[in-house]
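K.L.:
Quick paste of what Swiss-Prot says about this protein:
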type	residues	note
ACT_SITE	HIS132	active site
CARBOHYD	ASN5	N-linked glycosylation site
CARBOHYD	ASN289	N-linked glycosylation site
TOPO_DOM	1-10	topological domain 'Lumenal'
TOPO_DOM	67-332	topological domain 'Lumenal'
TRANSMEM	11-31	transmembrane segment
TRANSMEM	46-66	transmembrane segment
Amino acid sequence: MIGSNESSTEGPIPTSYLSFLAYLLGEWTGVEHTEDYLSYGAYLSWVLFPLAIVFILPVAIFFFCFNTSLLLLHIYKRRKNGFNEGHSGDVWYGAKEMLVNLWDGHGRVWHGYELHGDENIPEVPALIVFYHGASPVDYLYFMARLLIRRKRYCHVVADHFVFRLPGLKMFIEVLGVMHGPKEVCVSALKKGYLLAISPGGVREALFSDETYAIMWGNRKGFAQVAIDAKVPIIPMFTQNVREGIRTLGGIKIFRKLYERIRLPIVPMYGWFPVKFRTFIGEPIPYDPNITAEELTAKTKAALQALITKHQKIPGNILRALMERFQTRQKED
């Protein structure tokens, strides 16, 4: 039994939750001033909680949609005979309908997504050339909105590393993602496909920044594809795409690492709910007398004109967030 002297030295047990927890820890560990440590921990939690909301929640929502897409595709694959295959006989027709509605909903809620100028996309085959943000999520929104609004399906050319990512085979197949040899692209266009490509690719995605610099280098293969397939080129740009997700590509070591191993190992941050508007420019018609170099320069100028017209440079995350509260532009 505890004696009266021992009881008097310990004093009363504290009544507040934090003080009581500190008291228990102090008695158990023998460490003094545990209440100060707990108070500091509570303060840190209070400070870091908004940061966790800003950085973790958007990523969690995105990956929830992505994993939901994969789950729906696996369910569809098992039960696809019970879904509508559509008039085209496409066995993935029902899956496409599910995915485009999921991603269009994500775009509407998270970015207030708008698509402008889709009347510039002809009913004939065409090659869409777009600026590549840090993430291709704006292309997903565009593809979904175009299919919902125009019933027009757009295929896209992706870097070879995408096809090596585990678990994406079905997702890639349903979204019409293609590996990009010139012959494959020309064949797809001659079959009547609408095809999208970003000449800047992964390098532009990782190492362009809020100045929206187009980083094509000497790439002109896309122009030769359009010439060989005898199709128009259509420029496309998404406003604020760099403010949605930022990269640390300005750090030289990441650029050197990419050039050595050609894998996109560059940290990203953000997933901010900024305003996204995709703008489709006027078509550059097929010209049998133009060279690939001339068509490349012409396309780059058209894309730069879209950026200059619709993007305030340098991009600003706060301004892009505030644009969510501006009057919604009427979609074409």
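Every residue gets a Cβ built from N, Cα and C, even glycine.
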K.L.:
Measure the Cβ-based neighbour count of ASN289 (N-linked glycosylation site), defined as the other Cβ atoms within 10 Å of its Cβ.
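P.N.:
Taking every protein chain into account, the count is 5.
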K.L.:
I'd like the number of other C-beta atoms within 10 A of the C-beta of HIS132 (active site), please.
P.N.:
24
K.L.:
Between ASN289 (N-linked glycosylation site) and the residue listed as 'active site', what C-alpha distance do you get in Å?
P.N.:
29
K.L.:
For the topological domain 'Lumenal' (1-10), what's the model's average pLDDT?
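P.N.:
So the average pLDDT across the topological domain 'Lumenal' (1-10) works out to 45.
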K.L.:
Name the secondary structure element type, per DSSP in three states, that contains HIS132 (active site).
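P.N.:
Reduced to three states, the DSSP call for HIS132 (active site) is coil.
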